[in-house]
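Working notes for the structure below.
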């Protein structure tokens with residue numbers, strides 16, 4: 001992935017911004033056994049973690065801890081991490097993006113959510129117990145950890161990998177069973193990993209032109225200062241400092257920052273924080289009674305460097321809130337890049353069907369993902385994938401965050417469902433689209449399940465709700481049709497999306513977890529709309545568009561509140577072979593036909609000299 005992402009960590013007196021290294025890629029030669037497994041379409045055996053666990057337990061003894069926690073996240077709480085930060089995957093063998101590993105002197109457990117139950121069951125070896133998060137009767141990872149820490153046992157964790165809030169919560173849970181939590185600055189997994197641990201990737205930091213960003217960074221900093229002035233904490237922002245490996249700065253980036261911010265080495269942040277805490281402690285004026293304002297996503301180690309809870313107020317980052325409300329230039333960029341990205345996906349699906357059906361080609365899931373990348377590269381302003389493409393055939397489609405690997409992936413079966421979840425990073429926006437296709441003859445149940453998911457998708461797209469409504473409140477709009485049939489899906493319905501930034505962005509979203517009830521949806525948010533259905537061991541269905549939240553006109557305005565709705569921006573047709581018009585209402589059929597007419601209008605000009613793709617698009621956008 002060539003995407004550059006920066007996570008903004010902040011505290012005040014002064015403000016600090018942290019630039020996180022982007023995710024890198026690594027490759028290694030395939031063994032004979034891997035080639036044989038590919039040929040036979042067999043899943044790989046789990047990684048044998050016996051020796052790794054033995055080495056870790058020896059280090060635990062040396063550091064006087066009885067239980068050790070291995071989070072998924074890096075020191076910036078990133079969802080997508082560099083290979084060198086994949087500590088949980090290394091120690092457990094489970095490669096999904098979410099989960100937590102806990103190792104005691106005699107047991108090991110891996111907790112993950114419903115997206116990864118199937119994947120984890122296949123990847124964990126006999127040393128591990130799978131804790132299925134959210135399943136009745138299954139303890140949370142915190143509860144399981146507390147059970148292992150009974151009677152005065154000590155639990156250790158790298159304090160840079162969990163937030164201060166999570167550390168406090170865990171500490172309270174442990175106290176109930178007589179355990180305690182300590183931070184161990186030297187990461188024990190890194191020691192076990194040794195020289196085999198991948199190097200941290202280094203990419204160039206570049207400038208996003210104001211023509212695409214919509215607002216110069218000086219205005220954003222000034223808006224942040226005004227926001228902070230209302231917080232009345234220990235000091236105002238008087239300068240901006242960036243802690244970064246400055247060798248990564250392009251000449252343009254260095255020039256833009258010159259005279260406006262102070263550049264300091266990345267690792268200097270902790271010493272600088274300690275100095276701030278000491279200066280506050282020795283202050284004789286009123287500043288000593290104030291607190292530092294710190295992101296609630298900042299690490300426990302940073303909070304400790306500032307003097308801990310008594311010196312720090314943890315809040316949701318105002319930078320996170322500001323990023324979630326796109327400006328008009330960013331919104332127009334989203335619309336434009338989704339037309340180009342839609343054209344790329346249309347070209348890919350037409351190529352794939354022709355290759356499988358007309359040419360009889362044998363293509364595996366990685367071949368498909370690679371071809372899609374090659375097609376996207378042709379389109380203007382493309383920089384790279386926004387995440388690893390989920391190219392999944394048949395049963396693999398039921399693995400919600402499946403990642404095909406060349407050594408183990410399946411050959412695409414033209415007689416099975418094919419789910420493709422992919423996205424691009426364009427200089428004018430970020431895309432994330434999922435379509436489920438069938439190149440043969442789907443079963444009646446597959447068509448019914450597809451219709452139920454599509455109905456939920458349309459229900460979200462058509463939703464109108466008063467300002468102040470959360471994504472939690474509208475999540476059931478997407479699930480209601482599945483619920484009537486006794487079906488459901490184990491993931492959120494929608495997430496925020498960054499503008500040439502993270503494809504998953506907060507603070508708002510649409511889902512059934514309590515977190516989605518915290519922040520209301522707002523005009524100029526960009527979110528995904530992606531209900532699904534998954535039959536383990538058989539197939540998966542997910543239909544995802546990105547939408548812009550916007551104010552809508554209503555006949556009345558109860559309580560003088562504005563009402564909000566959505567504008568779809570993804571331009572990719574739904575699968576005609578899976579569309580059964582008899583399962584849709586007249587209004588739903590009209591929505592599909594109107595959507596397909598717009599897809600044709602926006603994308604067909606790209607294929608005036610591409611008869612294959614144009615014919616495919618014409619067929620897939622015909623009225624139902």
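Here the Cβ of each residue, glycine as well, is placed from N, Cα and C on the backbone.
Record features (Swiss-Prot):
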type    : residues      : note
BINDING : 421, 432, 544 : Mn(2+) 2 binding site
BINDING : 432, 530, 544 : Mn(2+) 1 binding site
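Between the alpha carbons (Cα) of residue 544 (Mn(2+) 2 binding site) and residue 530 (Mn(2+) 1 binding site) lies a span of roughly 4 Å. Note: the Mn(2+) 1 site is recorded as 432, 530, 544; in the same chain, 421, 433, 434, 494, 528, 529, 542, 545, 546, 570 also have Cβ atoms within 8 Å of that site's Cβ centroid. By the criterion of other Cβ atoms within 10 Å of the residue's own Cβ, the least surrounded of the binding-site residues 530, 544 is 544.
Within 8 A of the CB centroid of the Mn(2+) 2 site residues 421, 432, 544, the other residues of that chain are 390, 422, 423, 433, 434, 528, 530, 542. In the three-state DSSP assignment, the secondary structure recorded for residue 544 (Mn(2+) 2 binding site) is strand. Same-chain residues at least 6 positions away in sequence with a Cβ under 8 Å from that of residue 432 (Mn(2+) 2 binding site) are, in sequence order, 386, 387, 421, 422, 423, 497, 503, 528, 544, 546.
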